[in-house]
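Reviewing the structure listed below.
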Amino acid sequence: MWKAVMNAWNGTESQSKNVSNIQSYSFEDMKRIVGKHDPNVVLVDVREPSEYSIVHIPASINVPYRSHPDAFALDPLEFEKQIGIPKPDSAKELIFYCASGKRGGEAQKVASSHGYSNTSLYPGSMNDWVSHGGDKLDL
């Protein structure tokens, strides 16, 4: 039981699961997703640009939650003006992550409440990605 609690806390569950209707992914799931290069999936790193510039999951976009908590409530033109990239299509799956899962979960809720019906979370986020060597993979 304690191991399951620690795995949940650290985001290192060995399989994906759906909690409270929010799909969440493990490191192995994320590795497969990144390797597929699916144009219908958008990886959303919600850390600040200074964190993102150090290390991030390949092909992810940076939408910083702390400095832009309501970014997904913005219209597309204002989103692009403030964030510097086009606003993701609401028909795509958005997978949110941050450093440890907290900001990613918060940003996922904001996006869900503003018309994004296919949102997911990588709860282990960058801590899990780096601890499993994801930053060293050639994807």
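Note that Cβ sites are derived from N, Cα and C of the backbone, with glycine treated the same way.
Feature annotation from Swiss-Prot across Ser26, Ser50, Ser67 places phosphoserine at Ser26.
When pLDDT values are averaged over the domain 'Rhodanese' (37-138), the model yields 97. In the domain 'Rhodanese' (37-138), helix, strand and coil residues by DSSP number 36 helix, 15 strand, 51 coil. Of all Cβ atoms in the protein chains displayed, 21 besides its own lie within 10 Å of the Cβ of Ser26 (phosphoserine).
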